[in-house]
Amino acid sequence: MDEDIKAFLVESYENISQIETDLVTLEKNPTNKDLLEGIYRSLHTIKGNCGFMAFPTLEALTHSGENLLSCLRDGQLQLNAEITSSLLELLDAMQQICAQIDAIGQEGEVDYSGLIQTLNQLQSRDRGDEGGFCTNVTINSQKEIPKPAPTNPEGSKLPCDREELMSALTTPNTVQSIRVDINLLDKLMNLVGELVLVRNQIQQFSTLQDETAFVTTSQQLNRLTTELQEGVMKTRMQPISTITRKFPRVVRDVAIATEKQVQLEIEGEDTELDKTIIEAIKDPLTHLLRNCVDHGIESPDIRQTQGKSATGRLRLQAFHESGYVTIEISDDGAGIDSERLKQKALSLGLITPNQANRLSDTDALNLIFIPGFSTANFVTRLSGRGVGMDVVKTDVEKVGGTVDVHTQLGLGTTFKLKIPLTLAIIPALIVTSGGDRYAIPQTSLLELVRLQGEQADHGIEYVHKAPVYRLRGKLLPLVYLNRELELVEWEPEPAHPQSEIMLNIVVLQVDNFTFGLVVDAINDTQEIVVKPLGKLLKETPCFAGATILGDGKVALILDIFSLASRAGVLSDEQTNALIQQEMSSQSTIETVQMLLLFEALDNSRMAIPLSRVVRLEEFPRTAIEQVGDRQVIQYRDQILYLVNFANVSFVSSQRFSAANQKTAVLDADLLQVVVVACQSGRQIGLVVQRMVDIVMEDLCITGEATRPGVQAIAVIQGQVTELLDIEAI
Amino acid sequence: MAQFHQFCTFFLDHFFLGLEVENVQEVIRYQSITRVPLAPPAVRGLINLRSQIVPAVDLRQFLELDQNVTKIPVETELDEDSEHLPLNVVVRTADEVISLLVDDVGEVLEISDNCFEKSPETLTGNARQLIRGAYKLTDQLLLILDTDKVVELTIFKPTLRN
């Protein structure tokens, strides 16, 4: 096909879907001039291009659409549902023609004169006062499509010409894309994945080598690989908005067909997923949305009798969670009645009465995924044929995902899709348990806690048999990885919990719920290439995939969600309690801040917001180098300026010298350094005496700063603490 | 006319086993195995086959052999003992690549279909599904494995356990 036509199609498809989105939004706020202007311009671009390319049917269509739009723009007409519907119909027709052009290179034979006439009538409706009659006028079959006479006054013609000129000027520049075979991208992705692994191996060698040239080269390799990896990943990643863009229209159509009022909210549209996965989940998502409108959300009058607002809320949220992308579709509709499901399944002969009695509510919910199951009493155009939910499930499972459904009668239903990033390269924490290494996706990682000696002896307490740790005053349930994975015999009540000398707790978050995973050792953080486990191990719980570590060995990637539910961390009761707790604490959340408490070299107690802390590090004193009058450390390929409090807070020379003595005392020790991010993006290192704690504190400022570098004074944990002003340092 | 087929042969305990040569991707020496907790018992773990992660399957269980014979070290130090380490016969099945752990590999044999005979009815259990039949060689029998069945049986196991 002609390159020009290809470019035309790509641009037209883009424009059409843009108009579609804008139009549905415009319907909600019909007064938005900018949106209307945007729609007009997009349509006009298509029309202009049609002229160049000689597609008369498409040109005629767009022309009448444009006329209608210009009436809207001039305020002669008000946008209503009828106009929106016919404009959407116009878009469908345009899409059809584009598809035809795509397939055969020509516009095809379909006659759109009816649609054109409708569009023309709509715009003349308000001119005459006979609007009411127009709707029923039967359209005579006119073979010849009259090129609509320019009904616009001359004035509006002018900007058109200018825009035409503009779009003609900008068009060649905007088409900066080429089509690439997806298989080629797959191949590139695999190669980059392997390159990353080789890079990791080289990096391990380079730590053993002293040769500077080698180390530099491997650093170079590291940087290039990372950039290449990001680039190739990007070529395959698409924001989820590429499919969600269509959803407002879908929801609108179903809502109108079922005479319901629905408001669709979409969050996390920029969440990116691999292209193949995006394509695979498009249909399931569309189906779920339609289902929610059709089955979930009640009609406005029923909603109002139940004290809900007439407009139903439909939410689609997409976000990254523990190495997966989670997509939640929730409505505030009627919910699913599990009793009714059972009855229906019985009458359809899908289950026996015996089974029905034994079925728990949760299991009953899963009945909707059985092929041939439908609760709708009538088969409608939209649903009720019993094909659907089972297809949704199989489609999602095909890409290795899962579908969960939660419902509350009268309150709504939530479908939760977990989509894996099988092709992704993700940052992970490598831990050791039972002699093997495991990777934990960093997305679910909150913090690491190490208990030593005394602390390890007494840190773990038991609520009956369940081990817990007091993390900043709250009980954190502990899960022993080696026991969950059955690497050691599970002892219900360890006889000597004191025997553990050092304890590593990885604090993880799943679904708003935190727990501590006890591992033998914490090794490293690494970029890992997620590889699927394959059919043989698909049923094996707790693992999301596998990866190859720097030394060439295989490590399993933990599926934190599955691990947590296996360990019983996620019970409904706990989740509910947590939600309530969250609700109650929501009002106060703004003033509560996470603070890092430490003791400065002059023994004063200080705090900085944890959000500013990049890392806590220990450096040997020998690592310090002197640059002019400043002390620096080479840190992660950067030069890190060290800030010594003794130097910053010079209240008196006495104190200064006292602090200097302190530094002298520290000479033999390791330096405790808090790496802090400045607003400018630079990092600095605060040298401190010791870390005290991390606290969640409702900040109440009690005093003004008494020395430079200090922002304010507050009472934290019953002690006066200075809050540092990082920017001032 | 009798047709000839090529078989990749290997030894497992006292068995002389064979696979159609088309299904065998390669034979490699021992690779360190990462165990997979909670996995079906036949899966001994995962190996790194040139950046591809491949499950290593031990057939002993299905063939009802003594499972303690193969020594699979937890940490790989390929020492002088490596002769006793299992070898990997990497096999392409319908959907994926798996590795069968074997004691030793034999030659590739080209055998006439005339020598083939199905497993006798007296063969029962997993072995019946796994062994398609035998080629009658002059001094011993070459048992032909069905690789797709290996996958099926392995996956089937955990559901049985539940």
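Here the Cβ of each residue, glycine as well, is placed from N, Cα and C on the backbone.
Lifted from TrEMBL, the feature list:
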- A:1-104: domain 'HPt' (DOMAIN)
- A:H44: phosphohistidine (MOD_RES)
- A:173-423: domain 'Histidine kinase' (DOMAIN)
- A:425-569: domain 'CheW-like' (DOMAIN)
- A:592-729: domain 'CheW-like' (DOMAIN)
Other CB atoms within 10 A, centred on A:H44 (phosphohistidine): 23
Residues of the domain 'CheW-like' (A:425-569) by DSSP state, where helix covers H, G and I: 27 helix, 77 strand, 41 coil
Composition by DSSP (helix, strand, coil) of residues within the domain 'HPt' (A:1-104): 89 helix, 0 strand, 15 coil
Confidence summary for the domain 'CheW-like' (A:425-569), mean pLDDT rounded: 80
